[in-house]
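What follows is a single structure, written as structure tokens, with notes after it.
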Amino acid sequence: MRDALGREVRSVRISVTMRCNMACVYCHREGERPGRSELSAAEWGRLLRACAEIGVRKVKITGGEPLLRRDLIEIIENAEGFEEVSLVTNGVLLADYAGDLAEAGLDRVNVSLDTVDRKLYRKLTRSRFSPDDVIRGIEAAVSEGLTPVKVNVVLTSETVKTLPTLVEELADLEGLKLQLIEPMGSIPGFRPAHAEDGLRALGEYEPELERVRTFHSREVYRLNNGMAVEVVKPMDGVMCEACTRIRLTHDGKYKGCLMAPPKPLPRDDFGELVRTLKEYVRTRDDTFEVHQGTSVMGRMRGDVSGR
């Protein structure tokens, strides 16, 4: 299905929880505890069926930290039939669940790992965890075939300095892609960095442009060790023109854009749910451009993860 601007909606990001076991300095939720508003696995199954009815082909599960949900496996099983089901995670619990996730039908994962420097990692995540926990999770994901594993790195003046070491730590693993993500908004105690800063820190690379989806190409580079590096600029260039996704919040509301306010969806009548989704998609606009002069973090609260 296409919206009024001719963009085909092909994917949905579902935030299954706002709970998190970290309090990352750049996260707009900062580990905030929600009320009892999370949808059940069955309710997610119903919403996903409605998404399939309007032509959505890919599902990305986000949070919060999705692995905190005890019924995550059931949610993944309810996504059967889509072309791709992926998961965004901080990775610290991934080693324990990778096998079950793969068996349930998960195709691949995005894992957040901004640095392998232990002190800096704890400063960024404000947690008791270590980069070693995340690396074990990445290794387990690769072993279970949840590839390509995209390793998300939020760029700051400090994480840029540790990028070469991070690449060295992961160099022996196949099936990885590094994503250099420019942060949205300010980061307390840190100076944001640009993708070009990260590329310079990585040293020699050979540029190759790779079209990753219709309407949209991101710069992709290949390091001398063969690892692909993808540049993600969330609010730059043709972001809105290229957008082919919709979002559903942890409490079952629709967002046509990360920056948009959530809209309610019917809970009881499935036909009405499908009709409402179609109407929301049909009238989807370039919300970022509309709200360019407002607070980024203010527009993002109420979720859905931008990772």
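Backbone N, Cα and C define each Cβ position, glycine as well.
Look at Swiss-Prot and you will find R13, K60, K150, R245, I246, R247 tagged as GTP binding site. What Swiss-Prot lists as [4Fe-4S] cluster 1 binding site is C20, C24, C27. Among the features that Swiss-Prot reports, S-adenosyl-L-methionine binding site is placed at Y26, G64, S112, with the record citing sequence analysis. According to Swiss-Prot, the feature [4Fe-4S] cluster 2 binding site maps to C240, C243, C257, an assignment based on sequence analysis. Positions annotated as domain 'Radical SAM core' by Swiss-Prot: 4-222.
Proximity note: of the listed binding-site residues (C20, I246, R247), I246, R247 have a CA within 10 Å of the CA of C257 ([4Fe-4S] cluster 2 binding site), given in sequence order. Among the binding-site residues C27, K150, C243, I246, R247, the ones whose Cα is located within 10 Å of the Cα of S112 (S-adenosyl-L-methionine binding site) are K150. In the three-state DSSP reading, K60 (GTP binding site) counts as strand. Fewest other C-beta atoms within 10 angstroms, among the binding-site residues C24, C27, are seen around C24. If you count neighbouring Cβ atoms within 10 Å for each of the binding-site residues C20, C243, I246, C257, the highest count belongs to I246. Non-local contacts of K150 (GTP binding site) by the CB criterion (under 8 A, 6+ apart in sequence, same chain) comprise R108, V109, N110, V111, L176, K177, L178, Q179, E230. The two recorded residues, I246 (GTP binding site) and Y26 (S-adenosyl-L-methionine binding site), have Cα atoms 23 Å apart. Here C27 ([4Fe-4S] cluster 1 binding site) is positioned 18 angstrom away from R247 (GTP binding site), judged by their C-alpha atoms. A separation of roughly 19 Å, to the nearest angstrom, links the Cα atoms of R245 (GTP binding site) and G64 (S-adenosyl-L-methionine binding site).
For C24 ([4Fe-4S] cluster 1 binding site), the nearest neighbour among the binding-site residues R13, K60, G64, C243, judged by Cα separation, is G64. Counting Cβ atoms from all protein chains shown, R245 (GTP binding site) has 20 others lying within 10 Å of its own Cβ. When Cβ atoms from all protein chains are considered, those within 10 Å of K60 (GTP binding site) total 21, not counting its own.
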